[in-house]
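I have placed the structure first, in the form of structure tokens, so that the comments after it can refer back to it.
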């Protein structure tokens with residue numbers, strides 16, 4: 001029998017028609033309207049308390065969780081350090097516990113303790129966390145002023161990158177730099193380490209090594225911060241034109257996102273301030289160079305002449321025969337020259353000159369030609385006086401000259417002849433008296 005016939009209503013009876021079917025589904029209740037299930041005290045993992053999400057602390061009740069709670073919620077860093085030690089000894093998330101403890105020690109000014117803790121317990125950490133531990137160790141070295149150890153660690157990191165073991169064989173890696181997550185390649189990481197090495201050697205006054213590291217870093221990646229630091233390095237080596245050229249390039253470069261970076265602005269201001277300070281001292285240095293240019297002693301000191309070679313030119317000068325004779329009246333010296341415009345002083349000794357004497361009145365001739373004031377009296381000379389002095393100096397300079405220079409033997413013979421003549425005259429006087 002057909003099933004439709006069985007469902008027919010008897011005569012005089014009518015069935016209520018069924019509701020029309022639609023394809024619409026019932027909307028889900030929003031999460032804010034739902035009731036939370038009751039908490040279960042048996043298992044903490046089943047709790048859905050957002051407290052750890054709001055305060056950015058891990059959930060649970062382990063030594064590391066208690067240490068983070070003391071650090072971030074209770075704001076008790078000393079208690080947090082002791083709890084981090086407990087977590088490290090218990091083996092509870094040793095990587096995070098060691099790094100967080102070192103950060104807290106750095107904030108408390110206990111960087112040396114943080115360095116020793118990392119060196120003692122980093123072997124317990126995984127291989128993947130060693131790079132971040134090295135970065136934290138570099139910050140602690142910088143904070144505590146241990147620049148030499150920082151340079152050694154940076155050299156080790158650079159060598160690791162050059163051997164291809166820095167990123168675990170990968171070409172790029174996501175890193176957190178200055179609070180931002182960035183994708184950094186091996187070349188960018190190498191440039192960053194070279195820049196840090198240049199800055200460390202700049203603090204150690206190794207300016208040549210610092211320049212090499214900065215130029216290598218700029219060859220990998222152009223960075224304005226490194227350009228400013230390289231300019232500072234060149235100024236330390238007295239290469240001012242090159243430093244000014246670099247600063248001009250930085251100033252004239254187009255505005256980029258890097259221009260608003262705080263380290264770049266600080267480096268540029270520091271370099272400009274140092275350049276202004278050097279240029280302010282430059283006129284004084286030029287004046288002192290001009291003042292000491294004619295000083296033979298200063299020139300000799302600049303040439304680094306040894307003490308024994310100062311009088312080497314005079315070592316072959318023979319001594320006067322009269323100096324070895326017992327009855328000699330004194331040494332032979334040149335006659336004292338008259339110096340114009342110079343005050344006479346009593347008891348002035350004659351100076352023995354071996355060099356070529358300057359023309360008489362050369363300095364005074366220069367003064368008169370320039371028409372300058374008289375050095376000692378500070379009076380302006382009139383034109384008649386200047387003409388008179390010109391004639392006087394010229395006549396004196398063209399005075400009688402010796403026909404020829406006499407040797408020491410001729411001088412000795414003349415002295416002996418004079419003594420013999422004196423003895424003969426004294427003998428004649430004695431004979432006449434008798």
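Here, residue 1 is simply the first one shown, and the rest follow in order.
Placement of Cβ uses the backbone N, Cα and C atoms for every residue, glycine included.
Note that the structure is predicted; figures quoted are calculated from it, not measured.
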Residues flagged as region 'Disordered' in Swiss-Prot, choosing from 246-266, 267-287, 288-308, 309-329: 309-329
Surrounding residues of the repeat 'TPR 1' (95-131) on its own chain - C-beta under 8 Å, 6+ positions past either end: 63-64, 67-68, 71, 77-78, 80-81, 84-85, 87-88, 137, 139-141, 143-144, 146, 166, 168
Residues of the repeat 'TPR 3' (191-224) by DSSP state, where helix covers H, G and I: 28 helix, 0 strand, 6 coil
Reported mean pLDDT - the motif 'Nuclear localization signal 2' (377-380): 48
